[in-house]
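Record features (Swiss-Prot):
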type: DOMAIN; residues: 42-99; note: domain 'Collagen-like'
type: MOD_RES; residues: Pro47; note: hydroxyproline
type: COMPBIAS; residues: 49-61; note: compositional bias 'Basic and acidic residues'
type: MOD_RES; residues: Pro73; note: hydroxyproline
type: COMPBIAS; residues: 75-87; note: compositional bias 'Pro residues'
type: MOD_RES; residues: Pro79; note: hydroxyproline
type: MOD_RES; residues: Pro82; note: hydroxyproline
type: MOD_RES; residues: Pro88; note: hydroxyproline
type: COMPBIAS; residues: 93-102; note: compositional bias 'Basic and acidic residues'
type: DISULFID; residues: Cys155-Cys244; note: disulfide bond
type: DISULFID; residues: Cys222-Cys236; note: disulfide bond
Amino acid sequence: MSLFPSLPLLLLSMVAASYSETVTCEDAQKTCPAVIACSSPGINGFPGKDGRDGTKGEKGEPGQGLRGLQGPPGKLGPPGNPGPSGSPGPKGQKGDPGKSPDGDSSLAASERKALQTEMARIKKWLTFSLGKQVGNKFFLTNGEIMTFEKVKALCVKFQASVATPRNAAENGAIQNLIKEEAFLGITDEKTEGQFVDLTGNRLTYTNWNEGEPNNAGSDEDCVLLLKNGQWNDVPCSTSHLAVCEFPI
């Protein structure tokens, strides 16, 4: 059998098959244009954007890495508040008596005795020449005439006070000492008619002259010891003998 008579038939079959594929593809595009693509597959596109962060996961277990080196010490912090006082400790034992060089105590005692003897001699000289002693008081005058304020300042300068008799014996001692009228440490400057000593205490002994005190002239706030031993009120601005008393 000859092959040539079959050639037209073969060509016709191929055309028919090609037409069939074309029609089928076109029909498919008309029916599902968005689904079926008859062309060859395209290349991959670019990666899309990252999605949103997911929820935080649970804390994982510590890793197995090596422990790092210890860091340097931090800065010194501020001092804390003082703590409460501790309880007292036990009482210590009595210490041994101290030692002093030999002869010091006996030397001090002898010096003290010599000083006391010398002071006693000086008192006697003063008493004999210028002053009078009664009990534990020593009355002394320098013979100067001055106002009451100056008498107070003079006595304070020598750590004494203006003579203030507390009894008849002291009043007599001052009387025997003076040759002129002398100020006493008594005034009524704060309250008229209420005579007190220079410390503000009321008097427990007085020896007023007859008719005294009379506050003549309304400014007689100081007191004089007269030569007869009695008292008289006078102005403090007048000048009279200064007599001081020293405690002994």
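From the backbone N, Cα and C atoms, a Cβ is placed for every residue, glycine too.
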What three-state secondary structure does DSSP assign to Cys155 (disulfide bond)?
helix
If you measure between the CA atoms of Pro79 (hydroxyproline) and Pro73 (hydroxyproline) and round to the nearest Å, you get 17
Among Pro47, Pro82, Pro88, Cys244, these being the recorded positions, pick the one whose CA is nearest to that of Cys236 (disulfide bond).
Cys244
Using DSSP, what is the helix/strand/coil residue split across the compositional bias 'Pro residues' (75-87)?
0 helix, 0 strand, 13 coil
Once the DSSP letters are reduced so that anything not helix or strand counts as coil, what is Pro47 (hydroxyproline)?
coil
Averaged over the whole of the domain 'Collagen-like' (42-99), what is the pLDDT?
78
Where Pro73 (hydroxyproline) and Pro82 (hydroxyproline) are concerned, what is their Cα separation in Å, rounded?
24
By CA distance, which of the recorded positions (Pro47, Pro82, Cys222) lies nearest to Cys155 (disulfide bond)?
Cys222
Between Pro88 (hydroxyproline) and Pro82 (hydroxyproline), what is the CA-CA distance rounded to a whole number of Å?
17
Compare the C-alpha of Cys222 (disulfide bond) with the C-alpha of each of the recorded positions Pro47, Pro82, Cys244, and give the closest one.
Cys244
What does the DSSP secondary structure composition of the domain 'Collagen-like' (42-99) look like, as residue counts for helix, strand and coil?
0 helix, 0 strand, 58 coil
